[in-house]
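Novice: My questions will all concern the structure given below.
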């Protein structure tokens, strides 16, 4: 079975084959970096981390570009509030982002372009749009995109122009010929700091001092780093409209070619079945969550839901994820896993692959991991344990030491617990089973569960 991916553009699951055999080019809209990453950002980056891992496991060479928006109204406002330069703020936030996603085990993209490094390319694309009659200078001095002049507008979101015109979300902004038009180049304002302005004349254009609009940033960066047409464009479902719709209008309007063959969007994160927002007090940064839960538990919690489905965040769901992951590690603790190269003809591996090949079906793939763990529990097979670990690696799971995961959070230190386990073993050898049972009960009272196996006794924290 070949890989099939849900394409937002066609609203159907389609067979995937890259433009260049054996090579996949993928662009994902990344962070606007004015604050710390929250759990919604983690969900997006984790979703495409799994996509990247599975494409590589499937034998593809992957060029994965995830951009950084480092110039934006919110960034300017935050830098001014803090009394620092835009560059100082964005450097600080990028370092924090890398620390947070590194803690979650998210593999880095091939390239991570910053918007401010591609302003000449953005201006060049605006120039092409102006030449084709798709861009104009508004009365406010901004360069705007003339939406009604692009015949394919709305094809990604499925929205008609008349529907958008009537919609309450579309504000009539000063200086535009049509309220649907959007800004390509924002003219500079006196009140803005100098490091928020570029002189377009110095770069060969006559649009005055200003800065690029958000949408043109991604069009220019994706074209420059991946070419005019590439395989996969991804991002959160909230970006489908207007951001990705506007990217299509810009890139296809300028280049006359499809921007991306597949459009892939991950679902929203809700908190206790409510939208996550600072105003509701249910807004969680990655750092907040890492104070309560380990990184692998967070990863397991996120990817056991299908990437397109809504993800409901709650402590109860994370607790359940931790307990579920313990079941997998308990199997790996029974026997030292052999080093196994995956044989995709193996029945477990074949079902895992079939699940992942059907639109990155992580829930079904994880179900196979639990079945395989059950096999390890029954057979104590080092080869089966090795396959479990190797398949887990395709999802970024089960690469830690089982004992370290199972014993995390114990009240007693390791040495004290091990001393009691040794005493219990001595009591059993002396056939003093009452003493052995007392030690087991004593440890259980402190939240430590003992597991006996042919390899000896291990322990874990009680769920």
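Quick reminder: no glycine exception, Cβ is built from N, Cα and C everywhere.
As listed in Swiss-Prot for this protein:
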| type | residues | note |
| --- | --- | --- |
| BINDING | 29, 218, 243, 247 | Zn(2+) binding site |
| BINDING | 278 | ATP binding site |
| MOTIF | 31-41 | motif ''HIGH' region' |
| MOTIF | 275-279 | motif ''KMSKS' region' |
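On this model, are these features tucked inside or out on the surface, and what's nearby?
Specialist: Counting only same-chain residues at least 6 apart in sequence, those with a Cβ under 8 Å from the Cβ of residue 247 (Zn(2+) binding site) are 215, 218, 219, 222, 233, 259. According to its DSSP assignment, residue 247 (Zn(2+) binding site) is helical.
Sequence-distant contacts of the motif ''HIGH' region' (31-41) (same chain, at least 6 residues past either end, Cβ-Cβ under 8 Å): 68-70, 72, 74-75, 77-78, 89-90, 93-94, 96-97, 100-101, 214, 236, 268-269, 276, 283-287, 289, 313.
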Novice: If I take every residue in the motif ''HIGH' region' (31-41) and average their pLDDT values, what number comes out?
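Specialist: A mean pLDDT of 95 is what the model gives the motif ''HIGH' region' (31-41).
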Novice: With an 8 Å cut-off on Cβ-Cβ distance and a minimum sequence separation of at least 6, pull the same-chain contacts of residue 29 (Zn(2+) binding site), or say none.
Specialist: 66, 67, 218, 234, 235, 236, 239, 243, 244
Novice: Which one of the binding-site residues (218, 243) has its C-beta surrounded by the most other C-beta atoms within 10 angstroms?
Specialist: 218
Novice: Within 8 Å of the Cβ centroid of the Zn(2+) site residues 29, 218, 243, 247, which other residues of the same chain have their Cβ?
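Specialist: Apart from 29, 218, 243, 247, the close residues are 214, 215, 217, 219, 233, 235, 239, 244, 246.
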